[in-house]
Amino acid sequence: MGFIVGVVIGLLVGIAIIIGFVKLENSRSKLRSELANTVAAFARMTVEDSRKLLPPEFYPSWVVFSERQKLTWLNHHLTKIWPYVDEAASELIKASVEPVLEQYRPAIVASLTFSKLTLGTVAPQFTGVSVIDGDKNGITLELDMQWDGNPNIVLGVKTLVGVSLPIQVKNIGFTGVFRLIFRPLVEDFPCFGAVSVSLREKKKLDFTLKVVGGDISAIPGLSEAIEETIRDAVEDSITWPVRKVIPIIPGDYSDLELKPVGMLEVKLVQAKNLTNKDLVGKSDPFAKMFIRPLREKTKRSKTINNDLNPIWNEHFEFVVEDASTQHLVVRIYDDEGVQASELIGCAQIRLCELEPGKVKDVWLKLVKDLEIQRDTKNRGEVHLELLYIPYGSGNGIVNPFVTSSMTSLERVLKNDTTDEENASSRKRKDVIVRGVLSVTVISAEEIPIQDLMGKADPYVVLSMKKSGAKSKTRVVNDSLNPVWNQTFDFVVEDGLHDMLVLEVWDHDTFGKDYIGRCILTLTRVIMEEEYKDWYPLDESKTGKLQLHLKWMAQSIYRDS
């Protein structure tokens, strides 16, 4: 009997082991199959699939997803035909750049021309291409190009004293993006009328200068002047939005040439919390602004001495040639007198972010380099008011001098492009927006503690920047959230160029302590005529003011 029971138990255990083994094998087989499918799926993944799976914050800094296609085939064929391209391109470059070199010729130079110009035997390498969508009437390509060539470029330089110097341009290293626009599309072969060529982005342009048979440093300042002239010539002859239009089929292609499309008006208001570049005292900041980095198109503000929170309140105008791609660049420098100015920080804003005909009030964070966006150091901020005014009667912006329904500032600031309207634009600069500004200081909140009792005795000093008119509120004792509800009226002679400054002070028996300030242009109140808002205190960790502003305008004109 025991034997039979043992046999039965053995059979049951054996069957259980077999069943368990089969299930384990099936499970392992299923896992292997799933793993194989997963590996196969990864093998089929595209770059776009990877970008969908992982958000950008998980990418290492060295991972870059390129949208460009490789051009090995083009580089192979370009190497073969380069001797012919060299000859044709050299003539084209000479014809395009030489007049611009003469235009930007330094004052110490009497003439500046090309004595020799060939591009050498090394062909450039195209590292990628992409197609830009959105143009129904043409095809736009962008080509990444890198060139470390051996060109033979000699400039014929004649100084004011009559000395001729052959200056060789050597060791050229260039990296950039070229834009080719095939437009307009036509029915005749090759199906486009012209090709527009432009340098869309200049990533790197390095070169050295050498006097043939001499030393360029023998003439102080000549090397720097020639180098700046070359860079300006490249910028003004081929860099976007400038383009070279090459007709393929005979026709009128004047519409493809560069034309101004609008005007950008910029009010440089102020900056705050700038990095101090001086070991003794404070920096002496000034600003440079440009849309295209050319000498005559770059605007410079006045220098504010010994101030890390400068107030400029200056107005500048810039011609816009392509609002969809151009941007305004602001660079803040520390004025070092006879020495080279030191960069404090820079910022930029794309013009496509501006709504035509509407004033945009922005604070831009300053960075060390616009190309590197990982700068976390606090370099300060700059305050701008921007107004983009497109040219042309079809842009929806009406002539400001014939529309009574617009606000005062809109009547002053908007213009069009006809001759009559351009005359109005010139007249606009002589407009004075005069009126009465009514300011009600309502209250403040979260004023910083100023005394040992954990309280403050705040009051507000109001002043007009241009006229110097001043008023002040009463003192509210022992309060970090004071309420004043006091109204002050200021007669403003030129509202477009004046500013309201409100300083908050702590009253003490034997003096006063500065807490913070608010600086307001009159742009918003002139446009809206009346509003109420909160304003944070600059130069203070906490605190804000609630104000009610009202404008009663009377626009007049200077006699001209």
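Using N, Cα and C of the backbone, Cβ positions are placed for all residues, glycine too.
Per Swiss-Prot, the candidate among Asp451, Asp478, Asp538 that belongs to the Ca(2+) 3 site alongside Asp506, Asp508, Asp513 is Asp451. Listed in chain order, the residues near the Ca(2+) 3 site other than Asp451, Asp506, Asp508, Asp513 are Gln450, Ala456, Asp457, His507, Gly511, Lys512, each with its Cβ within 8 Å of the site Cβ centroid. Note on Glu336 (Ca(2+) 1 binding site): other Cβ atoms within 10 Å of its Cβ, all shown chains, come to 13.
The local packing around Asp334 (Ca(2+) 1 binding site), expressed as other Cβ atoms within 10 Å of its Cβ over all shown chains, amounts to 19.
For Asp284 (Ca(2+) 1 binding site), the nearest neighbour among the binding-site residues Asp451, Asp506, Asp513, judged by Cα separation, is Asp513.
Summarised by DSSP class, the composition of the domain 'C2 1' (243-364) is 9 helix, 55 strand, 58 coil.
For Asp513 (Ca(2+) 3 binding site) paired with Asp506 (Ca(2+) 2 binding site), the C-alpha to C-alpha distance reads 5 Å.
Most Cβ neighbours within 10 Å, among the binding-site residues Asp284, Asp508: Asp284 holds that distinction in the structure as shown. Annotation for Asp506 (Ca(2+) 2 binding site): same-chain Cβ neighbours under 8 Å, separated by at least 6 residues, are Gln450, Asp451, Ala456, Asp457, Pro458, Lys512, Asp513, Tyr514, Ile515.
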